[in-house]
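Chemist: The following feature annotations were taken from TrEMBL:
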DOMAIN    64-517  domain 'Major facilitator superfamily (MFS) profile'
TRANSMEM  111-131  transmembrane segment
TRANSMEM  143-163  transmembrane segment
TRANSMEM  169-189  transmembrane segment
TRANSMEM  201-221  transmembrane segment
TRANSMEM  233-252  transmembrane segment
TRANSMEM  300-325  transmembrane segment
TRANSMEM  337-359  transmembrane segment
TRANSMEM  366-384  transmembrane segment
TRANSMEM  396-416  transmembrane segment
TRANSMEM  428-449  transmembrane segment
TRANSMEM  461-481  transmembrane segment
Amino acid sequence: MDDTKVADHPSLQSVDYAVSGLASQRQRGYDDEAIQVLQFEWDSQPPITDEEERELIKMIDWRILPLICFGTAMQYADKAALSVGALFGLIRDLKLFVAQTGGTFDTHKYTLVSIIYYVGYVVGTPILSTVAQRFPTGKICSLYVLLWGIVTLLTPTCTGFEGIMGQRFVLGILEGGVSPAFLTILGMWYRKREQALRAPILYSANGFFVLPLLAVVYGIVHIGSRAHAWKSIYYFLGVLTIIFACFLYVFLPDSPVSAKWLTSRQRYVAVERLRDNQAGLNSKRLKGSHLLEAVCDIKVVVLVLATFCTCASAGVIGAFSPLVISKGYGADALRTLLLLMPTGVVAGFSNIIGGYIALKYKNTRIAVIISLSILSATGTALQWRLTLAKKEGLLAGVYLIVASSGALGGLTGLACTLSNTAGATKKIAVSGLVFISIAGANIATPFLFKKSEQPRYPFAFKVTMILQCAGIGLCVVYGALCIRENRRRDRSVEKQAQDLAFSDSTDKQNAAFRYVW
């Protein structure tokens, strides 16, 4: 590379490039996939224009984002199918309740069925995430989705507690590998600033999918037998998931490097524009040092704990919101479905609004998260303190919890994980820890529901509110840690000797990396 070309690209003025070019990075053991494009294309490429980058982003938004959004929505649909199915015969057919004196029911078995999915999720996430890093990401994702679709389709064959427990555990294992992989894919295609909106959009798919899902369930109930409609729900979701797996296999590329619908120039632009992320593209090597750094990094520890606390409300309201509405508000099954429909729209828009603010105004993610946490805590307080006579206030509390908890997952766990982690193995490890934290919240919170307190469950909502307040404090700590580290790096007189953007270095190893908050 001559001096003129280096001058045209100031960000690449480094010892490594000036002396021997991109090929030297391969010789030094840099194995990021981006090098496959840059070392052969650099000399022949003119500077990137704003117009061609905008056109590329549009292509990515229409070709990549819808696929992973629909996959995320299908995961939520599988989880929601249990709580919706509980209204239409699932609990009775699988004997998940024990009748008590006074007309009440012990739903301890239903609680176990609800949380066993997340136990499987915790087991599957580290194993299947590692496999996804070692093999082509798009193809391995489609395989996971195909297997989970088959398991979903077989759900109606369960005849009792043991069968549904096994099904939910296996389903959790399979889906535990998909979410971190989708997050990795998102990081392969978007800049940090763009991730602030795209990660919440990814999570908003959960909310927006609720409306069509419940509409389909409403239709299924009217077409067939209401008493056993839960089986038809699982048949529908199983077939839809298998079809989606085929779409993923055909249309989801493993990375920008292998995207056949991109020209050579577009592949170069797709990779080169991510240089400012200082996080690399992808690497197939599993590095033990990255794993160790992930579990020892204080910022990661605080982020994982904050995610657990802020997502606690999702665990409370996710599996039990239909039962809380139907039992607490005296609504029948069909009316409960209608009351649940707005929750998806509210959750979806809250994700997008929160993400837009984070995109529009730099370093506002923590402020948005805290604001949403306050809304969620307000909804939880309404559930805790209002009497059953205040049905409108109680229902408003449910909507507040659903709206804020959905957006909190997207902003706290996903956006911060994507933007503040570098190094392929560390990104996989941190995203795995964050998703395990979300699963942990969903495992722990259902145990807060005491049968003696139904249908109000005041203890569950009180503890949840305490966790939400703790989450606010942890988010403040996380933001302070990011600000302090950025200032320390800005004051440092040590200059970066090499451009490490595509060296598969972690955020702690790369002094040019800056954290967002």
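Even glycines carry a Cβ here, placed using N, Cα and C.
TrEMBL annotations: computationally assigned, not manually curated.
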Chemist: Three or more CB pairs closer than 8 Å, sequence separation of 6 or more: does that hold for the transmembrane segment (366-384) against the transmembrane segment (201-221)?
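Modeler: Result for the transmembrane segment (366-384) with the transmembrane segment (201-221) is no.
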Chemist: Please identify the stretch among 143-163, 169-189, 201-221, 233-252 with the greatest number of Cβ pairs below 8 Å relative to the transmembrane segment (428-449).
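Modeler: Between the candidates 143-163, 169-189, 201-221, 233-252, the best contact partner of the transmembrane segment (428-449) is 169-189.
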Chemist: Would you report the average pLDDT that the model assigns to the domain 'Major facilitator superfamily (MFS) profile' (64-517)?
Modeler: 82
Chemist: Out of 111-131, 143-163, 201-221, what stretch is closest in contact terms to the transmembrane segment (233-252), meaning most Cβ pairs under 8 angstroms?
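Modeler: It is 143-163 that shares the most Cβ pairs under 8 Å with the transmembrane segment (233-252).
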Chemist: Under an 8 Å Cβ to Cβ limit, what residues of the same chain, 6 or more beyond the ends of the transmembrane segment (169-189), are close to it?
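Modeler: Counting only partners 6 or more residues beyond its ends, the transmembrane segment (169-189) has Cβ contacts under 8 Å with 60, 64, 68, 71-72, 75, 78, 116-125, 127-129, 131-133, 137-138, 140-141, 144-145, 147-148, 151-152, 195, 198-199, 202, 252, 255-256, 270, 274, 277, 279, 281-282, 414, 417-418, 427-428, 431-432, 435, 439.
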Chemist: Give the nonlocal contacts of the transmembrane segment (143-163) in its own chain as ranges (CB under 8 Å, at least six residues past its ends).
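Modeler: Contacts with the transmembrane segment (143-163): 71, 74, 78, 81, 94-96, 109, 113, 128, 132, 170-171, 174-175, 177-178, 181, 230-231, 234-235, 237-242, 244-246, 248-249.
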Chemist: Within the same chain, where does the transmembrane segment (111-131) have neighbours whose Cβ lies under 8 angstroms from its own Cβ atoms, ignoring anything closer than 6 residues to its ends? I mean 6 or more beyond.
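Modeler: Those are 79, 82-83, 94, 96, 140, 144, 161, 164-165, 168-181, 286, 319, 428-429, 431-432, 435-436, 439-440, 442-443, 446-447, 449, in sequence order.
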